[in-house]
Each structure stands twice: as C-alpha cells, then as structure tokens.
Amino acid sequence: MVDYHAANQSYQYGPSSGSNGAGGGGTMGDYMAQEDDWDRDLLLDPAWEKQQRKTFTAWCNSHLRKAGTQIENIDEDFRDGLKLMLLLEVISGERLPKPERGKMRVHKINNVNKALDFIASKGVKLVSIGAEEIVDGNAKMTLGMIWTIILRFAIQDISVEETSAKEGLLLWCQRKTAPYKNVNVQNFHISWKDGLAFNALIHRHRPELIEYDKLRKDDPVTNLNNAFEVAEKYLDIPKMLDAEDIVNTARPDEKAIMTYVSSFYHAFSGAQKAETAANRICKVLAVNQENEHLMEDYERLASDLLEWIRRTIPWLEDRVPQKTIQEMQQKLEDFRDYRRVHKPPKVQEKCQLEINFNTLQTKLRLSNRPAFMPSEGKMVSDINNGWQHLEQAEKGYEEWLLNEIRRLERLDHLAEKFRQKASIHEAWTDGKEAMLKHRDYETATLSDIKALIRKHEAFESDLAAHQDRVEQIAAIAQELNELDYYDSHNVNTRCQKICDQWDALGSLTHSRREALEKTEKQLETIDQLHLEYAKRAAPFNNWMESAMEDLQDMFIVHTIEEIEGLISAHDQFKSTLPDADREREAILAIHKEAQRIAESNHIKLSGSNPYTTVTPQIINSKWEKVQQLVPKRDHALLEEQSKQQSNEHLRRQFASQANIVGPWIQTKMEEIGRISIEMNGTLEDQLSHLKQYERSIVDYKPNLDLLEQQHQLIQEALIFDNKHTNYTMEHIRVGWEQLLTTIARTINEVENQILTRDAKGISQEQMQEFRASFNHFDKDHGGALGPEEFKACLISLGYDVENDRQGDAEFNRIMSVVDPNHSGLVTFQAFIDFMSRETTDTDTADQVIASFKVLAGDKNFITAEELRRELPPDQAEYCIARMAPYQGPDAVPGALDYKSFSTALYGESDL
C-alpha cells in the first residue's frame, strides 16, 4: 500500500480555527450528549441518507482537495482508513501515527482504529462506532462517524453568547438573516427549504453576488440553485446538496443542512478575520509610509539647504579687492541681490524644515513609533550651525565691501575734490591778470580811485584767502600721488600750471598797489558817507529780510501753549517796529547827504555806492513788504489758536472713552488668565462658560468702534499726542486683539483636551485630575513644566520616579517620550498624550504579527501571493519589497518573514 505521508509530504497545513483540542467552547462530552437526541433513530430515512451522503462527501472533499485527493463513495473510500487519517490530518493540522502499508483486513482495522483513537483523544465519545463496521462499509456507521468529525472540527467551536454549538450556529444564522423579508430561521430543516435563507446569508456578507430583491419565495429550486452555484463559484464552498432533494423532502436532513451552513459560517468568519487583519495592517502601513515620506522630504530639504550654504560661504569669503569703485559697487549690488532675492527663500526653507521636523516627531510619538534621527550631519542643530557660519561670513563680507568702497570713494573723493578746487581756482583767476595790468586809474576820478584802492585791497584779501586753496590743491595732489591714483599724471600737470600762475598773480598785485597809492587823494567826505551808508544799510537790510522770512514762516504747533508762545513772540516783534522805522530814516538821510555834497561841489558820481548794492529803493520796498506781512501774520496766528482749541476738545473726548475701554480690556485679560487656571467643572462646562465669556467680549465691540470714530477725528486733525490719557489707539487695538486671541486660544485648548479625552478614552475625572496636577506644579503659569516640576507631578499621580537608580531610569524614559527634542519643557498637550498612552491601549508589534498570522493561515511565514490577495496593491508591494526571506525549517520557496518586518515597524529591530 502507498504511504499517504510520502505521497503528500510536500503539503503542510497550519492548525485551523477548530484545532485547539478539547478546550474550545465546552467539553466534547457536553455537545455529544446534546447530539444524542439527534441520533435516536439509527435507521436512516432514505431521503435523509441520500442528503447526508452527498453533503458529507462534498464536505470531506472540500478538505481532502488540499492534500490533492478526494473520495467518490463515502462508505467505500474510507474502508482502508488511509483517506480517513489524511482527512483528520488536514482538518486538525496535526500528524497522526504512521499508517500500516498492508492490504489485509487487520491492517485496515488498525488504520481505522488510529483515526478513531485520534478522534477520541479530542474528547469525543464514540458511541456504537467500531473500526470493523467502517472496514465492512456500514453506511450508517460511516455517516455517523463523519457527522461526529464534522461536529468536532466544524461546529463545536461555533459559540455565540455562550450558547452550544448547534444553538450558536442557529443564533448566528438568525442574526445574519434578520433584516431579510420572507426569512425566519428557527431550525436546520424546514427553515431552509425555500432557499431564501441561503441567499440571505450570502447577500449579507457579499451583496454584490446576489440580487436578493429579485428572488421569489414560491420558486425554491431556483433560489437554492442560485445560492449553491454562487457559493461554489465565488466562496469556494462545494455544492453539498441538490435543490430537488431538499424541495421534494418534507423535512430536509438536519445534519446535512447544519454541515452545509457551517461551511458558510467558516467561509464568512474567515473572510471577516482576514479583512480585519488586512485593515489593521493597512492602517499601520499607511502611518509608516506617511512617516517615511516625511523623513525623505526632511532629508531632501536638509541636503539642498546644506548644499546651498556650502556653495554660498566661499563666495562670501572671497576678499579679492577691485581697482575701481564701479567694480566694487557691482559686488555690493550682487550682495544686495543675494540678500533680497536668494536668501529669503532659504530662510523660509529653513523655517519649514524645522516645522516639518517637529511635525514628524509629533506624528511618530502619537503613533507609538521611535523618534526620527536624521542622517549624520543633517540634524536641525547641524543646519543651525551651518546657518550661523553663513551669517558670520555674510557679516564679514558686508563689512569688507563697505570698507573697500569707502577706500575707493575716498580716492574718488580726493580726485573730485582736487578737480573742484582747481576748477574754482581757475575760474577765480580767469581775467585776473588782465585786470591787474589795466591802467584805468590814470583817467579815473577821485571817487573812482578810492574805489579802485578799496577794490584792490579787497582783491589782496581775496588773494590771501586763496593762498590756502592753492596749498590744499598741492597737498591733495601729493596725497593722490602717494596713494598711486591712476590719473596722477594729469593731476600733476594741472597742479604745476596753477602754482606758476599763482606766482605771476602775486607779482602783478604788488605792482598795481604801488600805482594806486600814488594817486590816492582828494574828497574823503563823500567816500566816508558812502561807507557809513553801507555799514548801516547792510545790517538793516538783513534785519528786514529776516523779518520777512519770520513773518512768512510756516509754523507747526500741536498745543495751545505753543500757539500762545508764537502770538507772544509776534507781539514783541511788533513793538520793535517804531525803532526800526527810525533807523530806516537815518540810513536814507546819509544817502541824501552824500548826494547834496556831490551836487554842491559839482562832483560826477558813478551813480552807485561802491560799498553796497543795497539802494534806498530796495530798503523802501522791503519796508513796505514788512508792513503788509504783519497783519497777515496776525490773522494766521488767530486761526491757528482757534484750531488748537478745537483739537484740545478732541483730545479730552478721546481720553475720556480710552480711560474706560483700556482698563476694561486689562481686567478681562486678567479674568481669562484666572479662568484658564481654575477650570472648574467638566470640559464641556468649561467650554460653554468660555464661549459665553467670548460673546460678552464681542458684545463690547461697539465701545471700541466709538473709540475708533473719535480716533479718526483726531487723525484727521493731525493730533499726535494726548496728555490726558496713557492709552493710544494702537495700544487699545493691540490689547483688544490680544484679548480675542487669548480667549480663542483658551477655547481651542479646551476643545483639544476634549478631542484627546474622546480619542484616548480618558474619563472626565482623569482629565480634571491631570489638569489639577499640571496647574499645581506650573508655578509660573507658563503652560509648561520643567523636569523637576514634571517629576513632582508624576510622583503626585503615583509614578515611581523617586531619586534612586531605578526611579531615575524610569523618569529618563518618560522624559524621552514627552520631550524627544530635549527642550527641557513639557507642555500640557505632551503631558496629556503621555497620560493617555499610559491609561489606554495602543497598537503594538505583537498585534501586527497576529494580524499577519491570520492572513498567512497560521503559518510562520507568508507568501507574496497571499499579500497581494489580502492587501491593497500598493501596500502589498510595500511589504514584499521590505520583508526578509523566511529562514525557518518549514520554509517554502518565496516564503517571507513577517515577524521581523512587524517588529521593525515599531523600531524594535532594523527594517
């Protein structure tokens, strides 16, 4: 006889859901005792026997096909015991003793006894079933034995709300078919004759396979065939009964129906487990993939930013000087373009990088994953260090550019200064030689000679004054030579020409003075009068010009005191006008006296005073102008006085309202701070109270609008200060915005606490206890605890973190969870996250391993085909690409290790 173990050694099966021995859902004796009532009539009805044969044969073949074989005749094919032992191995997932190879009756009996002993070892009492009857092909005993196997391995573990196997299966059917019309499952015979119950079970779990609304209760054959064909085609449940056998039997066989229905139960319960396991894996993988994308984005952004810094620093450290200011200015323009165009996006990238890093760490912490550690050299601190190096190089580069530009500007300034002074000097000397050589004094009158002498004296003074300019020109030329100015040759040529011309002017000046002194005579009186006129006319003319400027000066005042000061000064000015008028008349009298002397002595005057250009006509014209401006000034000052009085009224009006609104805002800010600390009642009560408080604040807005209207009037009046109040409109606006922001932030904090409480299943009492403990140790009300404050808070909540080695280790572990960035502060949200993790369940690596084990059919490995069948395509490929090959002794080609993959997801091993 062929050894079936050797023939099927390539097939290995994991234990099924019903292979846990006698310990699943009650003892075998209990349900067998219950089944005694079902087997009272040992003489099978022929119709029932036919149904049992077909059902039991199909049920056995549904399992034997896994081992590559099947049976045709149920009471013949099990006689040698070989396929019976193989069936038990497949459905139990356990090895039976090695079968005997002989073909004699004794060998067959021994093989059947091995199978019966295995059944008995599972707690099954075999009543009146012996190996000899099975070997002899006793149909009744064979069907009874198969029914016992079905009960033990397919129905026993079905338990709904602690019911027995049969009752549990019936209750499951009733619940699944309850929503369907014309279906009322009360038993496992009559309730199934019309086929609607079978169709309802399929539609409940796979609605796309059955159009239930089109089925008719009066067409049972069609209904049954439809259900059996769909189950065989799409659910892998073989056809165990014929529709005609069920319909043509007054009471279908209960065992056959139970066997058929149990196949539906196992098909749908297995699919549900697989779906649950797949959903759990998908959820875990989705979180892991999202985190990996964030990590990749961080690495890419960090690399790009560090590369940009690496390229930019050498450019900023380049200190090669240029020869011209235009070249240096181009460098400065490039630097400004860098500051204006290139750097700001990088500043934004750096900020976004830090935000992404913090967001990633938060997501990892919330999903119970290890903290993200960037590649070496790409930490946030590394980027900050590189950025500081960039800033230092940038600062030094700017200083160097400015120093170089200042140096070149000094050279250009010196050269320009030389050109300007040289041009002024050359313009001044233009015509001077011709003037000094002119012999106009030979035919001049006495007054002309006097004028020429004075003019020559003035020229000599001017000449002496220009001596400094000539010396400066020479000094600048010397400095340009020392600094190696590129145009030194032209500078030296021009400087030499100026010096030669200067010497010639000195010689000509001396000669002309000697000639004028020889002719200096006559008529000093007229000359003295002209001089006296000039001395007094010039100051008086200046006084009138200053007075006209003051009278026409635009004044800007902001207070009544300032305008009253201007009015007082103007009154004082008007009191000086009589004295000024007398001075004017005295000056005009001097001019008239000179005219009288010249006429009486027949002296021909040149017509103008040689000492001044201020004529009597100019003095009279300006005096009339002053007389006209005085009343205009009076009118303007009075108008301004009226305006300032109106402004003072606006100031007082604004101050009165501001001194009410400002303290109100400050009081509300203090009350919000107190409310956020006390936080009495439930979170919902706190939220409701805060929102009512927010509405009371919003209702106060009309007072602020009134203040805005008053402020608008002040702005239109160009009033810039107000001594009647310390509150400015900007101060009020900032306070108002801070008030709205504070109440909104406080409301948001409570809403987040509610979300955290609901998401983590934290009770109201726990949340209040957490808030009370946190507030108690938050001494400065800053919203965060330091390490010592946090430790004291944990101790108050019962955590063993005392000052010993074990307590310190536990505290350091907790700090690494709540403060992964080592900032030294623990926020209330981080505190709540930690406490919620400590008090609620989270997904673990063991849960993921258990889920994969379900998908793998309880094997220690999983195949790519199984992953693609149970998971979405993208996540299936993700797992296949990352799972290591399985190396266990039971490995098959293509086996993948899902255990190491699952632990790697949670940082417990390397992926």
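Cβ coordinates come from backbone N, Cα and C, glycine included.
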Record-annotated Ca(2+) site (Swiss-Prot): member among Glu765, Glu769, Glu789 besides Asp778, Asp780: Glu789
Segment assigned the feature region 'Interaction with VCL' in Swiss-Prot (from 108-126, 526-544, 545-563): 108-126
Long-range environment of the region 'Polyphosphoinositide (PIP2)-binding' (177-192) - Cβ separation under 8 angstroms, sequence gap at least 6: 166, 169-170, 198, 200-201, 203-204, 212, 217, 246, 251-254, 257-258, 261
Least surrounded among the binding-site residues, given as Asp778, Asp780, Glu789, when other CB atoms within 10 Å are counted: Asp780
Between Glu789 (Ca(2+) binding site) and Thr249 (phosphothreonine), the C-alpha gap once rounded to whole angstrom: 80
Alpha-carbon spacing, Asp780 (Ca(2+) binding site) to Thr249 (phosphothreonine), which is rounded to whole Å: 85
Length of the line joining the Cα atoms of Asp778 (Ca(2+) binding site) and Thr249 (phosphothreonine), in Å: 80
Sequence-distant neighbours of Thr249 (phosphothreonine) in its chain (C-beta under 8 A, six or more apart): Ala47, Trp48, Gln51
